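Here the structure is laid out as structure tokens; the discussion comes afterwards.
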Amino acid sequence: MTMPTNQCPWRMQVHHITQETPDVWTISLICHDYYPYRAGQYALVSVRNSAETLRAYTISSTPGVSEYITLTVRRIDDGVGSQWLTRDVKRGDYLWLSDAMGEFTCDDKAEDKFLLLAAGCGVTPIMSMRRWLAKNRPQADVRVIYNVRTPQDVIFADEWRNYPVTLVAENNVTEGFIAGRLTRELLAGVPDLASRTVMTCGPAPYMDWVEQEVKALGVTRFFKEKFFTPVAEAATSGLKFTKLQPAREFYAPVGTTLLEALESNNVPVVAACRAGVCGCCKTKVVSGEYTVSSTMTLTDAEIAEGYVLACSCHPQGDLVLA
């Protein structure tokens, strides 16, 4: 089997697939070579073993603890990658993965007091790190608060019995769950909150709220992982974008990233991590004003030529694209 793209050089075989919740599955993979990764990182997956379609998924397993490399995936109605992984991929199939990526990890944090906050599928890197801390920092004081819609939506439900965890459910609450959502009162009740390293993963509004609240409560060590946002509808006014090849003009609202502008107008672009790390969305800007929040993977020569990472490019005016 030929490697579909140099970005995904790791071939892994599906050993088994486990359904976690009504819409989430864990795919357990065998890698016949040593695959280096850190708890909390993610990898790109070549969807249908193609070079054009790559998607980023958290590696939900834990190095030095888990028997398999695992990806835990929520099926999304229009998700190209998630539909393929949860409907079509079967035991014995092969997947191609990239090197592990991302800095959302706990192994470089020197402190031994953690508060891990997760919502929905954002629990995947949290569980990876929770296992790692139990194995490598058994002395660490680790608190976990996990928010779900219903008790049936708890991912890794059996495994959470091994660790102290506060479960919060919005609906259909049963014994062992707190009803509602995460509140400031719940956060304030965490012992020694201000001295903890707080790490969170989940939908963007959830993480933004968490950041605001924990910082107001005195937390200084705060880290969050980005989850992806849906593609917006195409705009008819705002910033103007002129693409030279093929020739076309389109618009996007002020404040959007270049990637959001491209995707909302159905301009072909490969995007995987959406966090300025993987380099998939490299795009050349011919003219126009913009700022960038990441240039990882770009060489000095590429930057000088006008290349940007579309996910990390913030147009300040009209742009002309190659």
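Including glycine, each Cβ sits where the backbone N, Cα and C put it.
What Swiss-Prot says about this one:
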type	residues	note
DOMAIN	7-107	domain 'FAD-binding FR-type'
REGION	111-213	region 'Oxidoreductase'
DOMAIN	237-322	domain '2Fe-2S ferredoxin-type'
BINDING	CYS273, CYS278, CYS281, CYS311	[2Fe-2S] cluster binding site
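Locations of recorded Swiss-Prot features on the structure.
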residue: CYS273; record: [2Fe-2S] cluster binding site; CB count, 10 Å: 24
residue: CYS278; record: [2Fe-2S] cluster binding site; CB count, 10 Å: 26
residue: CYS281; record: [2Fe-2S] cluster binding site; CB count, 10 Å: 23
residue: CYS311; record: [2Fe-2S] cluster binding site; CB count, 10 Å: 28
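In the domain '2Fe-2S ferredoxin-type' (237-322), the DSSP tally of helix, strand and coil residues is 15 helix, 28 strand, 43 coil.
Helix, strand and coil counts under DSSP for the region 'Oxidoreductase' (111-213) come to 42 helix, 27 strand, 34 coil. The [2Fe-2S] cluster site is set by CYS273, CYS278, CYS281, CYS311; from the centre of their CB atoms, other residues of the chain with a CB within 8 Å are ALA56, LEU259, ALA271, ALA272, ARG274, ALA275, GLY276, VAL277, GLY279, CYS280, LEU309, ALA310, SER312.
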